[in-house]
Amino acid sequence: MKTEHLDLRRLNDSDDCEHHKAQDAKLNRLMEVLRSKKKIVVIAGAGISVAAGIPDFRSSTGLFNTLRSQHKLKASGKHLFDASVYRNDSSTSSFHDMVRELSHLTQKAKPTSFHHMLATLAEEGRLMRLYTQNVDGIDTALQPLATKVPLNPKGPWPKTIQLHGGLEKMVCTKCGHLSDFDGALFEGPEPPLCKECETTDAVRMAGGLRSHGVGRLRPRMVLYNEFNPDEDAIGAVSAADLKARPDAVIVVGTSLKVPGIRRLAKEMCSVTRDRRGGFTAWINHDPEPLGIEFKDCWDMVVRGECDDVARLVGLPRWDDKDCGEYSVVDRGEKIEKHYPKVVLKTQGILTPTDTPREQSPTPKLKQSALSFGPLKPAPEMDLKVKKKPGRKPLPSKPTKLANKITSNFTSTKSAQPTTKPSDVAVGRSGDTSLFPSLAKTPTTPMRSVSPFDTRNNSDKMHFKSEDVPKSSRIAVEVPAYKRQETISPKGRLPSGMAKLLS
């Protein structure tokens, strides 16, 4: 973030064309902001009333310096704006003289050009809030900048918020009764008595009740080191304005020495610069305040008279009804009164894009017409958004896994054999349909064994194989570990075996 510097005093005195060219661009930006922004917040100090004849506080000709010499004070004239002025008669008398003289000046003062510019902003509805530290009441005397005393704690709030009260009202310290300020009552060291308290006390005494006392009157202005009666309401309205996010903040005619005003200006500028197109400006004779808290706080620092700024902006006065109707247009906004807006539709793939461009009914195209024929209106997009299928819900109970190969199979009544008994030949060495592995490893041919063999019977009965019918013979496979093999060569019988076989 960069801060631009504009010195109106040097601009008026300089004849350098290059300097004027550079400064005019900054001046045009400031004038454009005050002419176009719609949510402007102004934090004003005593500097905006100097041209009206009201002295400020801290300058060389301000009240702090003149009151010291006028009332022969030991310290600065700031002491007369402190709550301790009521501690002794001498300071109270000096305070009453100062208030009476200041009230006389405000009654003769007339609003300045800057006051009228603020009233015009409020009349147009572009002034969000005016936070003023002035007690002269020049700004609140204009109808668009009127305020309420006391300030209501809840909205809606007036356009002008008096941060330090004002001299147009006086208040009783006991009953809180408000009335118009009368400077003639404030003479001498004794504060004037409250008429309302006197009437109420007289009624009580006539009724035989004890007296509650009579209050004293004082100007309804906030002094240093005392409680502000509108403190809660000011906090509520400032919080609402911060939430609304103004688009421009102008800090003018104040030195920001008061901690509360310093914090308010810092927060307003911070919120405004964070938004897109926000603008903050410092307008004063003195340079901007220094410190880490005000780093990157200003978009523009203007050194010069605030009335010169108002005259350069050139807004009509709020009470001038002969200027005719006019509208405030933001930069880049186009006004089309006689030609309707036409949205060009192009044919192509429907994809999410920016808003179609708006052109006049007969746009001037730089590119020559294409030979693909006239453009067809684009098909209407289906605004219904297809919902993506969601995830399937998890089962409430875990499903039972299927039997693995290593699992044991159980027989059921409904189970049926996969092959017919007739398709399997028991004892056939050439059949590999049931045991395919038998075809891979060579096996010894099986021989027929009779159940009537004498080797298997203990009764020593001898039967010949020819005596058993063929239909009764059963082929039995002898396990390999029970076979009794010979070492005789194949095809030849050992000697003596012929007799046994016969």
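Each residue, glycine too, has its Cβ placed from N, Cα and C.
Quick look at what TrEMBL lists:
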- 17-321: domain 'Deacetylase sirtuin-type' (DOMAIN)
- His164: active site, proton acceptor (ACT_SITE)
- Cys172, Cys175, Cys194, Cys197: Zn(2+) binding site (BINDING)
- 350-362: compositional bias 'Polar residues' (COMPBIAS)
- 350-470: region 'Disordered' (REGION)
- 404-421: compositional bias 'Polar residues' (COMPBIAS)
- 430-455: compositional bias 'Polar residues' (COMPBIAS)
- 456-470: compositional bias 'Basic and acidic residues' (COMPBIAS)
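Sequence features annotated in TrEMBL and their locations in the structure.
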residue : record                       : CB count, 10 Å
His164  : active site, proton acceptor : 18
Cys172  : Zn(2+) binding site          : 21
Cys175  : Zn(2+) binding site          : 13
Cys194  : Zn(2+) binding site          : 24
Cys197  : Zn(2+) binding site          : 20
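Those residues of the chain, other than Cys172, Cys175, Cys194, Cys197, with a C-beta within 8 angstroms of the mean position of the Zn(2+) site C-beta atoms are Thr173, Lys174, Gly176, His177, Lys195, Glu196, Glu198, Thr200, Val214, Gly215, Arg216, Leu217. Put simply, His164 (active site, proton acceptor) is 22 Å from Cys194 (Zn(2+) binding site) when counted between their Cα atoms. Of all the binding-site residues listed here (Cys172, Cys175, Cys197), Cys172 has the Cα closest to the Cα of His164 (active site, proton acceptor). Here the domain 'Deacetylase sirtuin-type' (17-321) has a mean pLDDT of 91 out of 100.
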